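Participant: Below: one structure in structure tokens.
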Amino acid sequence: MGRPHTESSPELKIKVHNGHPPPPQHRSRQGRPSRPPPPAFEPFKKWFPWLVPVIVMANIVLFILTMYYNDCPHESGRCLYADTLGRFAFQRTRENPLFGPSAKTLLKMGAMQWSAVVERKEVWRLVSCMWLHAGVIHIVSNMVSLLFVGIRLEQEFGFVRIGLLYVISGIGGSMLSCLFIRNTISVGASGALFGLLGCMLSELLTNWTIYANKCGALLSLVSIILINIAVGILPHVDNFAHLGGFLTGFFLGFVILIRPQFGWVNHKTAPPGYYAAKPKSKYKKYQLVLLMLSMFVLISGFTGGLVSLLGGVNGNDHCSFCHYLSCVSTPLWKCDDQCSAMQEGNQVILQCLGNGRSGNYTLTSQDRSSEVAQLCSSLCH
């Protein structure tokens with residue numbers, strides 16, 4: 001018997017899915033698949049902040065070296081906490097209320113003074129003064145502010161751009177201060193700190209489209225800036241350094257903190273397999289306009305400021321109201337009859353905080369404090 005013949009049946013193929021429908025495939029105009037990027041996708045790189053802590057440590061080390069060099073017990077004899085701190089003891093509060101070294105020590109370490117910068121051509125003091133501080137209170141307040149503001153900026157923009165902002169803003173603050181305050185020394189990182197505040201404002205404006213809560217961020221930042229500038233109307237506070245640093249940082253922020261359009265970054269950094277439409281240009285037109293205008297202001301401002309400073313120009317002679325930016329009289333204090341003084345032996349240099357006038361005097365009487373008060377009254381009136 002033979003094997004019975006049967007007709008061959010077609011094979012039955014069954015495809016089993018995992019219970020979920022396949023993801024839909026969207027196609028662009030060019031026919032390529034386009035999917036939204038994953039939620040964890042971040043177009044802007046986050047930097048590790050190391051420069052700001054290094055700057056803080058450098059300022060602290062320089063302050064310790066300044067106090068070591070000051071050696072109050074050996075130089076003057078009358079010091080605060082000499083038994084505990086030894087040669088690191090503070091000058092008397094009458095001489096330095098911020099618990100720090102003497103003005104003479106700060107000047108030797110690189111503090112800014114008009115006569116040193118202009119007459120002796122020690123232009124390097126415009127940079128060195130921003131690394132020195134007048135006392136413990138001064139350095140603590142500045143370094144806490146630097147950590148609070150600087151770390152966030154370094155995380156967003158990296159150490160190169162924030163380092164440039166810090167140094168250039170400090171120089172801008174020193175230049176404006178030296179143009180208006182001629183006979184007192186100036187130290188501190190306040191100009192550089194205000195530069196960071198200024199660049200935060202310009203960064204918000206030039207990158208306006210990428211922020212979600214625009215008005216809230218703008219109002220909070222402007223409030224912080226106004227409060228800090230208002231502190232500068234107190235006597236013996238170098239508000240010109242604050243304003244100079246702020247303006248420098250503000251215009252510099254339009255130049256080096258500009259961000260490309262989000263669509264351009266998304267197109268460049270999208271993961272493989274995703275398609276993102278490319279915008280027409282990397283930057284918006286208003287960003288480029290602000291960049292060009294800011295570069296012009298910075299170049300002309302620094303050039304004109306340096307030429308005027310080295311030429312011996314007194315800013316108070318060309319701005320009759322600018323002294324109000326440094327000190328404003330209130331029921332709690334008066335500016336008109338207050339003078340800043342630098343005295344060595346029987347020679348004293350006075351500057352009226354009310355009108356910016358200054359003069360060099362030789363003290364002749366035994367009651368020098370009374371004579372200084374009379375000279376100050378004559379200088380201010």
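Keep in mind that glycine also has a Cβ here, set from the backbone N, Cα and C atoms.
Please treat TrEMBL annotations as automatic predictions, because they have not gone through curation.
Just lifted these from TrEMBL, have a look:
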{"type": "COMPBIAS", "residues": "1-14", "note": "compositional bias 'Basic and acidic residues'"}
{"type": "DOMAIN", "residues": "121-257", "note": "domain 'Peptidase S54 rhomboid'"}
{"type": "REGION", "residues": "1-37", "note": "region 'Disordered'"}
{"type": "TRANSMEM", "residues": "47-69", "note": "transmembrane segment"}
{"type": "TRANSMEM", "residues": "130-151", "note": "transmembrane segment"}
{"type": "TRANSMEM", "residues": "163-182", "note": "transmembrane segment"}
{"type": "TRANSMEM", "residues": "188-205", "note": "transmembrane segment"}
{"type": "TRANSMEM", "residues": "217-234", "note": "transmembrane segment"}
{"type": "TRANSMEM", "residues": "240-258", "note": "transmembrane segment"}
{"type": "TRANSMEM", "residues": "288-313", "note": "transmembrane segment"}
Participant: Counting only CB pairs under 8 A, let me know which of 163-182, 188-205, 217-234, 240-258 has the most with the transmembrane segment (130-151).
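Facilitator: Out of the listed stretches, 188-205 contacts the transmembrane segment (130-151) most.
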Participant: Can you tell me which parts of the same chain pack against the transmembrane segment (163-182), counting only residues 6+ beyond its ends and a CB-CB cutoff under 8 A?
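Facilitator: Sequence-distant neighbours of the transmembrane segment (163-182): 51, 55, 112, 114-115, 117-118, 125-127, 129-130, 150, 153, 189-192, 194-196, 198-199, 238, 240-249, 252-253, 256-257, 301-302, 305-306, 308-309, 313-316, 319, 322-323, 326, 340, 351, 356, 358.
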Participant: Which sequence-distant residues neighbour the transmembrane segment (240-258)? Criterion: at least 6 residues beyond either end, Cβ under 8 Å.
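Facilitator: Residues 157, 161, 164-165, 168-177, 179-181, 186, 188, 190-203, 205-207, 225, 228-229, 232, 283, 287, 290-291, 293-295, 297-298, 301, 325-326.
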Participant: In terms of Cβ proximity under 8 Å, which residues at least six beyond the ends of the transmembrane segment (217-234) contact it?
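Facilitator: Sequence-distant neighbours of the transmembrane segment (217-234): 194, 197-198, 200-201, 204, 211, 242-243, 246, 324-328, 333.
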Participant: Can you work out which residues elsewhere in the same chain, 6+ from the ends of the transmembrane segment (188-205), have a Cβ less than 8 Å from its Cβ atoms?
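Facilitator: Contacts with the transmembrane segment (188-205): 59, 129-134, 138, 142-143, 145-146, 149-150, 153, 162, 165-170, 172-174, 177, 211, 214, 217-218, 221-222, 224-225, 228-229, 238, 241-254, 257, 290, 294.
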Participant: Is it possible to list how many residues within the domain 'Peptidase S54 rhomboid' (121-257) are helical, extended or coil according to DSSP?
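Facilitator: Per DSSP, the residues of the domain 'Peptidase S54 rhomboid' (121-257) fall into 107 helix, 1 strand, 29 coil.
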Participant: Could you tell me the mean pLDDT the prediction assigns to the domain 'Peptidase S54 rhomboid' (121-257)?
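Facilitator: Averaged over the domain 'Peptidase S54 rhomboid' (121-257), per-residue pLDDT gives 90.
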